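Have a look at the structure below, then the notes.
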Amino acid sequence: MAYPTATHHPFDDSSFVDGHHPLAALMIDKDPYATCLLLCHILVVLTYVASTLTGDLSQVDRLWSILPAMYAWICVVDERTALMACLSTLWSIRLTYNFYGRGGYGKWPRLWRGGEEDYRWGVLRSGTLGGRYWTLLTKRWILTAFNLIFVSLLQNYLLLYIASPSLLAWSMATTGGGGGIHDTNTTTRSSTTATISTITTTTTTTTLNVMDYIASLLFVISLLGETVADNQQRAFQNGKKEWTGTRRNNNTITAKRIDVTTTSHPFKEREYEDGFCQSGLFAIVRKPAYAFEQLVWMSYYLFSVAATADYYDRPNYDDGHHRRYYYWNWSMGGWVSLCILFQASGWLTERISMSKYPTYSSYRERVPLYVPGVYSFRRMIVGIAVEDCKKGK
């Protein structure tokens with residue numbers, strides 16, 4: 001299947017070339033790098049203004065599940081970039097639906113108000129965690145600078161950076177890579193604003209390689225794992241609410257216990273008493289959804305590895321015996337930066353959980369945060385995670 005390349009972008013038509021297309025001003029030289037950067041900077045300004053006016057630091061969170069897929073579609077130029085855009089769209093649909101279900105959008109985007117702010121921002125603003133560093137955001141000027149630099153600027157950059165394998169794959173496909181057939185022709189067209197512009201049109205036939213299939217499989221598995229983790233957490237929270245359903249009687253709140261042995265309540269009573277889920281995937285790692293999210297973008301990075309392999313797998317570069325993969329390239333920084341962010345956010349979430357749940361420290365000792373261990377799998381298979389908690393292990 002042939003796709004147009006950078007110089008024959010899907011937006012390319014005569015009105016675009018001669019400057020009359022409404023997107024011509026945005027698509028700088030029809031280059032997705034320039035287009036994505038321009039879009040990113042516009043969103044930096046919008047999210048900062050919106051969060052300042054509303055006092056809601058979760059404005060960028062409402063774009064988190066949308067922007068990477070949008071950037072990926074801007075880069076579509078061959079089969080690989082189309083596959084990447086489709087997979088990122090699946091991720092986007094799942095995460096957007098999950099965020100919507102938790103009230104993340106509310107009445108948004110009407111004045112960007114009405115959505116539910118991430119509870120962690122409220123904790124940091126109040127300074128209830130104590131300590132020198134955890135109370136910094138109680139100072140207004142620090143909160144303003146933090147909102148501008150970290151929340152609005154760096155997180156928007158990160159959303160572009162994690163999608164950057166699509167940009168690199170676009171580059172490889174439009175500079176003679178793609179491992180396929182390339183037909184090049186040059187045409188000259190007149191413009192109303194310039195005398196003559198020369199446009200080179202290249203048609204590329206891309207053959208997906210083994211690394212593409214590995215990346216796709218790992219991406220889908222990670223996406224399914226993330227979905228299972230979110231569903232388990234949702235089921236636990238719903239069960240806990242029913243188990244601890246309260247009623248007011250003489251100004252006293254009493255607990256209404258239910259039969260947790262029924263199939264509709266698969267969690268053990270001890271979990272409800274502790275207040276947090278410890279079974280299923282949560283018996284393997286404490287934050288399974290976050291762990292799978294990091295795997296999603298690691299697998300997405302592998303597409304850039306596949307793209308560079310196709311670029312160098314040509315007569316001038318190939319040793320004639322096997323395909324060479326170049327496992328390191330600049331787009332890896334997006335996935336690595338995301339992992340660093342999850343380490344920081346996981347640290348904050350853990351501190352909040354320990355302040356809310358007395359037995360959480362014991363859970364931390366038994367179960368790792370993101371990377372599973374042998375004993376974590378054993379606890380899940382044998383089903384003794386909650387029993388260990390009862391014994392105080």
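Keep in mind that glycine also has a Cβ here, set from the backbone N, Cα and C atoms.
All TrEMBL annotations are machine predictions without curation.
Straight from TrEMBL, the features:
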TRANSMEM  33-50  transmembrane segment
TRANSMEM  70-93  transmembrane segment
TRANSMEM  141-163  transmembrane segment
TRANSMEM  210-229  transmembrane segment
TRANSMEM  295-312  transmembrane segment
TRANSMEM  332-349  transmembrane segment
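Counted as Cβ pairs under 8 Å, contacts with the transmembrane segment (210-229) are highest for 70-93 among 33-50, 70-93, 141-163. Ranked by number of Cβ pairs under 8 Å to the transmembrane segment (332-349), the listed stretches 33-50, 70-93, 141-163, 295-312 are led by 141-163. Against the transmembrane segment (70-93), the recorded stretches 33-50, 141-163, 295-312 differ in Cβ pairs under 8 Å, and the greatest number is found for 295-312. When Cβ-Cβ distances below 8 Å are used as the criterion, the transmembrane segment (141-163) is approached by residues 36-37, 40, 43-44, 47-48, 51-52, 57, 59-60, 63-64, 67-69, 71-72, 88, 125, 297, 300, 331, 333-335, 337-338, 341 of the same chain, each at least six residues removed from its ends.
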